[in-house]
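So the structure is just underneath, and the comments pick up after that.
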Amino acid sequence: MARSIEIESSAQQHSDKHVGVNVRFITLVSIVVAFGGLMFGYDTAVISGAIGFLDQRFSLSPSMSGWVVSSLLLGAAIGTAAGGYLSDRFGRKKTLILSGILFGIGTIGSALPSSVSLLVLTRILGGIGVGMSVFISPLYIAETAPAHLRGRLGSMSQLAISIGQSAVFIVNYMIAQSSTVQWNVDVGWRWMFALGAIPAVVYVIFMPFVTETPRWLAANGKRKEALSVLNRINRDEEVSRKELEEIEASIRRHKGTTFKDVFKKENKKALMVGVVIAFMTQWAGINAIMYYAPEIFKKSGASLGSSFLNTVFMGVVIVVFTFVGLYLMDKAGRRKLFLIGSLLMALALFLIGLSFKTDTSGTMVLVYTLFYLAVFMATVGPGMWVLLSEIFPTKIRGQAMAVSTISLWIGDYLVAHSFPVFLKEIGGMPTFWFFALGSFLMWLFTYKFVPETKNRTLEEIEQLFQTKS
């Protein structure tokens with residue numbers, strides 16, 4: 001990226017302690033910005049309803065089915081890489097608007113193709129928009145939110161993803177049940193994709209009303225505009241002036257930072273934590289369940305109708321326990337939630353795999369899947385985005401988070417592409433036990449390398465990683 005994302009922790013402390021912090025303004029802005037996660041949530045879940053019908057429509061092999069699903073993630077990796085530069089060059093706000101436009105075009109395009117090649121191309125295009133929004137949204141919030149609200153507001157990205165997933169599970173169920181299987185093979189899946197344009201349009205409509213971040217404005221010589229935004233956040237001009245001075249001092253200190261600085265020795269521990277945690281959350285199987293839920297339930301013995309209905313139950317659990325995660329993030333702390341969550345997820349995945357051998361109705365697979373989702377959404381899901389947005393030093397935060405997010409997309413791609421092949425070739429039990437292994441390894445890694453960041457300023461977190469490197 002051209003410039004690093006500037007977040008001066010001591011400036012945030014001024015805002016945190018100041019009684020005039022405009023919590024309502026910060027919360028509303030965070031909600032609008034985090035809405036970009038809803039697009040990602042919609043696209044991760046819509047494919048779960050469509051893929052079975054796409055398999056029949058285009059006679060897909062397990063490998064090609066995995067490619068159709070995972071093509072979105074190739075676009076997301078491109079979007080993450082490009083989004084970092086674009087957001088530094090043109091601003092967070094404009095880049096997020098662009099992400100909504102690209103997603104809207106991609107999701108409408110996904111509803112129209114007559115060939116697999118065109119479907120893959122449009123999913124890649126939509127994925128570029130997803131990659132931009134999922135990466136930039138939590139960074140925007142981290143640049144704006146006071147420290148005492150950062151965990152909760154940062155978790156809104158996961159909440160938006162969860163709401164998008166829940167909504168599309170209901171949409172998929174209603175469309176799948178509205179007519180015959182043949183109609184769904186010919187037409188139904190197209191409607192599943194097309195309705196994804198709705199959140200994209202809403203996002204593009206509301207984002208112009210959001211302010212640009214004061215850090216980006218200051219970094220680009222727009223001092224007057226930066227002070228205006230800070231005044232809206234703090235409601236106290238003197239506090240805003242002090243904060244702006246510290247932001248500008250930070251910008252001067254870190255002027256000339258390049259991408260190579262991400263890989264310097266003093267940053268190795270933070271980068272390792274970011275890259276590994278992002279990858280491990282995907283190895284733990286969350287998106288295998290999101291992308292292929294109806295197929296998993298059918299494989300375990302459930303009927304077509306029951307398989308889609310089960311995803312509605314999943315959607316309810318996802319949203320409810322994401323709210324639990326919002327509450328716990330600043331109460332229990334990131335490290336504790338990762339330790340508890342990864343162990344319980346490993347247990348749930350082990351039981352899901354075992355149920356493929358012991359339960360022919362699919363009931364226990366549903367029960368353990370709901371348990372797994374509840375744990376993930378209350379712990380690791382929101383915790384990952386918060387952790388990634390706060391563990392890196394100010395001068396490399398943007399670039400380092402981009403590297404970590406690309407690691408996430410790589411893990412996501414590998415899981416999405418290989419899962420249908422694994423399910424067919426080795427069966428449900430070994431496949432889910434492999435995910436359980438990933439979750440257990442995440443626990444080991446967290447125990448050894450991830451410190452607690454709750455209630456620490458960004459400057460304290462930077463020192464914590466560097467002194468223990």
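Cβ atoms are placed via backbone N, Cα and C, with glycine included.
All TrEMBL annotations are machine predictions without curation.
As recorded in TrEMBL:
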TRANSMEM  21-42  transmembrane segment
DOMAIN    29-454  domain 'Major facilitator superfamily (MFS) profile'
TRANSMEM  62-83  transmembrane segment
TRANSMEM  95-112  transmembrane segment
TRANSMEM  118-141  transmembrane segment
TRANSMEM  153-176  transmembrane segment
TRANSMEM  188-210  transmembrane segment
TRANSMEM  270-293  transmembrane segment
TRANSMEM  308-328  transmembrane segment
TRANSMEM  337-356  transmembrane segment
TRANSMEM  368-388  transmembrane segment
TRANSMEM  400-419  transmembrane segment
TRANSMEM  431-450  transmembrane segment
Whether the transmembrane segment (308-328) meets the transmembrane segment (368-388): three or more C-beta pairs under 8 angstroms: yes
Considering the transmembrane segment (431-450), which listed stretch of 153-176, 188-210, 337-356, 368-388 counts the most C-beta pairs under 8 Å: 337-356
Region pair the transmembrane segment (368-388) / the transmembrane segment (153-176), three or more CB pairs under 8 Å: yes
Stretch-level contact, the transmembrane segment (188-210) and the transmembrane segment (21-42), CB cutoff 8 A, at least 3 pairs: yes
Two-stretch contact, the transmembrane segment (400-419) and the transmembrane segment (62-83), at least three Cβ pairs under 8 Å: yes
Tertiary contacts of the transmembrane segment (337-356) (same chain, 6+ residues out, Cβ under 8 Å): 277, 284-285, 299-300, 325, 328-329, 364-365, 368-369, 371-372, 375-376, 378-380, 383, 387, 427-433, 435-437, 439-440, 442-443, 446-447, 450
